[in-house]
Amino acid sequence: MNSSHAPEGTLTSTHWGTYRVQTRDGRVTALTGFEKDPDPSPIGQGIVDVLEGPLRIDAPMVRRGWLEHGPGPAGGARGRDEFVEVSWPRAIELVAGELARVRDQYGNEAIYGGSYGWSSAGRFHHAQSQLKRFLNSIGGYTTSVNTYSYAAAEVTLPYVLGDFYSMINGATSWDVIRERTGLFVAFGGVPLKNGQVTNGGVSRHVQRQGLLSAAEAGVKVVNVSPLRSDVLDEARMEWCALRPGTDVALLLAIAYTLDNEGLADRAFLDRYTVGFDRFRAYFQGEVDGVPKTPAWAAGKTGLAAERIHALAVEMASQRTMISVSWSLTRQDNGEQPYWAAIAVAAMLGQLGTPGGGIGFGYSAMNAIGDNYRGIPGAALPQGRNPVEGFIPVARISDMLLHPGETFEYNGMTGTYPRIRLVYWAGGNPFHHHQDLVRLREAWQRPDTVIAHEWCWNAHAKHADIVLPANTSLERNDIALSVREPFLIYMEQAIESVGQSMADYDIFTALADALGARETFTEGRDEAAWLEYLYAGTRERAATHGVQLPDFESLKAQGWFEAPARDEPQVLLKAFRDDPDANPLKTPSGRIEIFSETVAGFGYAECPGYPFWKDPVEWLGAADATTPLHLISNQPATKLHSQLDHGQHSRSGKRNGREPVVIHPDDAAPRGIRDGSPVRLFNERGSCLCTAVVSDEVRPGVLQVSTGAWYDPPAEEGTGLSCLHGNPNVLTRDQGTSRLAQGPSALSCLVDIEAYAGDPPPMTAFTPPPIRRGD
């Protein structure tokens, strides 16, 4: 430590920051920012008032209907029934018995263990890893592939530029952007609220400093987004307020302009890319008879043709960094924005240069653009899954509603299995999935839903068996992310609340009951696993030139800081220096502006090059019955839906509900005033929000952050699907395309009206009815 006085409190790490935990008499009283973090996130404070609050699940619970009648489709009872407290031995008996029944009668493919979510930041107590290791120890499960965050990028980039994760981990550093970039064109903005988090734990927040230091050095930032708030005003930001979902049209017109003005770098295209002429034939109109001119794009985007032309010329006149947000992938045809942005970056000829080229998700997570030598941590081994079947992660409702039907994905055809048992730990599908009314219907279909949870959110309320998991403050762990500079020893701060247990201890008891204890535990308890994982991490770090201290020294210090890189990081520098010696991990080793592989799949919506297709729902739709476009983006006061019941998240609500930002031009004719209750609706659902009238959004656009706990009314006939303001009752549950089948939540049209009368009371933060005793 730099000070002679060590800071007070144990250290803990979360996906939104590292904190010192203050306790008194065995209770947490405060979390204070890690002394090495210059810009700590206030999100961490949200746990203090709820850790032992009324929504804490303090004992195993079983839904009364399931307990009395046994497993089977719930017929609407999940999410409405009362719960019965049972003992741990009884809970283990019930869960182990049901797993054995399903496995023996229907096979392990009837168990779904997708369990998507961001629970603990620790390497050992990572809920998904624990669940998957356990299910593999008893014969396997049906799993999911890709993520809700950027599924379209995960699938598309390997055909065009290479592995997506190597692109975000190798992002050009903010230091380089500050020194070398002239123009930073941010498609989807650079939203600092998103940059509060990193999967695996944040130790030092850098996004605010990175963006503002670049702006102070003279870098011009162009915010291409329907939301002005996607870039700080202090960042010398110019706002291009295009229609949502039209980034591809803008990029095609930029490509057209670069080509027609003689500004494309043909030498770069010839040496480093393949397939440009196929793309050129498309944007010049030789394929479909429609040249993708600035005037054409103006009709799609709502931007002036002159502004589009000027932006293209400006990008070619200086060192330009094109930044594409992760949100661009979460829309109809979400594979196309990244592909089009890569093509434009290639035409500019600046890929691999300091401060030029492309970046994927600046401020989508905190560590993108930092300049530290990452520590590749060892992960909990999950074993082998003998079940070969899988689904794209966002197709869960389709799977539950349509077993036996086929789906197309990434050049193959799969079949949805008949799922009898869903086992979920460390996530909340009633947050991150789309069309929650449909998901709620699908959630009634399995025989049994088992959840590990620490608080009564919608995920827990819609389960049959709820096993109380403890939190990161109630166990020991190690946190590190390959994208963060610090390795943190997470020391247990308090004893487990109530009867809650670590996921590992729960699974150990279940494995014991199912005859798989040795396979699951390998004879190790928590302490032994932490030493095992740390030893593996030390070995990996050494191969990357980082010498970690021994485990006892780490525990005593609490943290270890990785050294900075010897040279600032520049994405694709090695490839640019010598593309033959350092080929990309694409089929050709080059940037594939046209992909023979993707074209060979025969998907009309993905012909193998960047392609515009009118979204199913967008403001340009002539037959739209709902006239406003809903942007359901990431929240500022929490990560996803975590800690929504905590004080910090509640402080961001208006009149207890999620705010909806509406432009004055859209509010006035509807009689909507700032602070008034409003109803958002379309054919899929409806929700109550509180209006915030502001010109921070483009006319025709509404913005509601995700993360409000889903709160369906207890009785029918209210005309509402959620009383709390969860926008995912409105969003579409359709894949981006047959290529990636990712979520397309941001292609969503709605309408809005002032809510007449007094809004009904919310129940999102009310526990379900509970009958105590076994």
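Any Cβ shown, glycine's included, is placed from N, Cα and C.
As written in TrEMBL, here are the features:
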DOMAIN    12-50  domain 'Molybdopterin oxidoreductase N-terminal'
DOMAIN    56-512  domain 'Molybdopterin oxidoreductase'
DOMAIN    628-748  domain 'Molybdopterin dinucleotide-binding'
REGION    638-674  region 'Disordered'
COMPBIAS  663-673  compositional bias 'Basic and acidic residues'
*Mind checking which residues reach the domain 'Molybdopterin oxidoreductase N-terminal' (12-50)? Cβ under 8 Å, same chain, six or more beyond either end.*
56, 118, 121-122, 196-206, 208-209, 455, 471-473, 477, 479, 486, 488, 490-491, 493-495, 559, 561, 637-639, 643, 645-649
*Report, as numbers and ranges, every residue of the chain located at least six residues beyond the region 'Disordered' (638-674) whose Cβ falls under 8 Å of a Cβ in that stretch; write 'none' if there are none.*
15-16, 42-43, 45-50, 53, 55, 117-118, 196-197, 428, 431-432, 455, 457, 628, 680, 688-709, 723-727, 752-754, 759, 762, 764-765
*asked:* Can you work out the mean pLDDT of the predicted model over the domain 'Molybdopterin dinucleotide-binding' (628-748)?
replied: 97
*asked:* DSSP on the domain 'Molybdopterin oxidoreductase N-terminal' (12-50): how many residues come out helix, how many strand, how many coil?
replied: 6 helix, 18 strand, 15 coil
*By DSSP, what is the split of the region 'Disordered' (638-674) into helix, strand and coil residues?*
12 helix, 6 strand, 19 coil
*Where DSSP helix means H, G or I and strand means E or B, what are the helix, strand and coil counts for the domain 'Molybdopterin dinucleotide-binding' (628-748)?*
15 helix, 30 strand, 76 coil
